[in-house]
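Structure first, commentary second.
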């Protein structure tokens, strides 16, 4: 009788706890999984850019995570700023998010510099603010160097070095 | 009981009012710069205010540099004085200390050659005769004196730059003033309409059409967009919607009239060139042209929408009213820097007064904007705003009507509720 | 099995099956409310009705709203506002209602604090009320995203961006929450789901719990007097209505509430028709643009005080500066702000336990507590106003002082109330 009572209790609690834990855990995992970004989103979240295909001394614009990214391949040392540019092979590269640090307009490339049409801010080819209202240089996005490619969306040692300098 | 309710209500209203005033009028006054209300006078006032502001900003920057420099001068003077008061032995200590400090400079880190030469100098300083030390001291002092001279020179140079900036700004403002005074003079002249017609047909119709006079634009829209960025406007209604003084100013010098000095100059000219004259008195010729434009449009009546289409729709869409020309216009995007915004909801994004001010003088409301001053007169501006309101807030009239009905119903219910409450509470309270 | 007898009319018929007479007694005619109250006691009904207005107007909006980044803005501003019959009315009611419900919630909360209605057996009322405040906040935030205007977009970006500062998993958590690397279509649809299904259902559930939690401790009264409800209700039923300290929920209490409600609704609809601007930020009438940040980003007014606490800590603090451990990395301002933000939102839940005095009385009869009350109110108003101002110069300092004051007040509360308790004890002796 007493043993039966204990057994009943143990079994009842086991049923209750495991059913609850299993259901809640399963539900949690399910929600986690279906709220994860879609494969297409993840795919678009890491972009590899072939550097050899870029035109020299002119920005190439890439759409990346909802923002335009400018990449300039440079061979003229006069336009290189070692604190902002990264050397890969024979060329220096400036990589930056093309969104004005003033009010987020997209600057256009005009005569060797970026000019923001909205309020006249200017940035040099390394993204340093040189004129007008922008408070700071264009932001450098996270990148990694892989052979002759730049991979946007992953953090490499070169990026960490630029950000810390 | 009643008194308590009234007291509580007063306290709540007091705090809610403070909250409202703080979060709305006060916060907005802190976030947006004050703009003078548009008076549609078309004179130099607004432009010069902007110029003056720019000048002040520039001078502030200079003053900041000057202040830093003044501090440096003070420091140098103090050092010089200290040096002067040293006797020979004190100077020797000072010199050695200075060299030691130099050695610690990160610049010389791992530069053994440099450090060795500094060490040599320290030894020299330690062994030097008193007489010779005096010479070194004089040399040091001269160095400081030179430095102070240089800093004083820099300070004067900055003063010069400030004066130059002020003069340049004054010159610009005088030019703008002169320009608008002249526009006023032209606008006051008696116009010879037939001569105006000749002049307009000679100088303007190379790019502009005047459809009501049977003159077609020389280019189709696509070609015109490709060449100019936007289609040059048809001039049939220009005399009607644009201010007389502005038209005179525009023909005389489009860049100053439209206030686009930040976008165009001699190196990068505006698609519409200034009118250089046809041989006669240029002011009178411009007056004749304006007179002609006014004459051909004097009997025209334009609806609010027509004014908008004439004045704004070459760059701006209103997609809620089917005005869709600019959305994918790459030439326009290139010409203006980006696609100018769709104006369907602008009446609710901005206040009417802001729109008035912005249309009258875009640079004053939003410095650096690519939008030109279009020169609408007061009446046409109101028509444009009315049109925008009719699109962006089309239910205004219905809204006010319906709400008043709802409120009337609620007042009726409130009276019933009050009577019911009174009746019930009569037996609950003493 | 109940005794079968002839039914006499529809009410009888229902009574036999659902016990409607008993139900009406329990919920209405013999649900007892203290007599000694003022119009602040009507705020519960006002909130309930505002929620119903939001629910109904929300249903109407749902009929034409399209949760899709390409369609959302125009479905609201064109279809609903200008094409759907009375669509503008539903939208303005929804926007004004969302704003006003917070105003009334705050009044309701401060009423409870003033009269000590969170104490003794009323803790669960307070806690469920705070749960409602939090779910309403989530509801308001998710709803604000739906019109997909500039402020919708950037407020969503900034607020979801806060999760990036969670230690270790921050970045992944942010991407998971948004369903993308930036606020995008996936973010809009999942917040839409929260706004129209999950959160409203939760709110209804918690409202039921909130009402139920009133049942045993009963509603507080203006003096905090402990009333013997059995005795007083007996007096009332025996006809000594004037002497009795209680009234019936229906019709006595409701007759007062309906009158207050009418005044409130008149105010509500006047705002809907003529002054809805305060509830609809002008910047939100520009379509969302992920490439263009507005000049100023701020939440709606009811979030400003906690937003300002978040921003109030505008400088990094070197940890261990007081023990000379300068080499430890600085704690970034954002982390401190986030901690303070968490504190500010959670601390109100603990109010019944932070107040160590057992006396239920209005604040003006509780000595130092009344000062604490008004300081808290004024500090929160300052935080709200400065939460909207651009964070520059003197504004930063004011925000910091006000944030510290807020935290300080809650640290001071137990001390003040313990002193109050000790003083009461001494006087009792």
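Every residue gets a Cβ built from N, Cα and C, even glycine.
TrEMBL entries are annotated by machine, without manual review.
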- Between the ranges C:12-38, C:39-65, TrEMBL assigns transmembrane segment to C:39-65
- Query: Quick one: which of C:147-168, C:169-190, C:191-212 does TrEMBL have down as transmembrane segment?
  - Reply: C:191-212
- Segment assigned the feature transmembrane segment in TrEMBL (from C:214-235, C:236-257, C:258-279): C:258-279
- Message: Quick check for me: are there 3+ Cβ pairs below 8 Å between the transmembrane segment (C:398-418) and the transmembrane segment (C:331-354), leaving out pairs under 6 residues apart?
- Response: yes
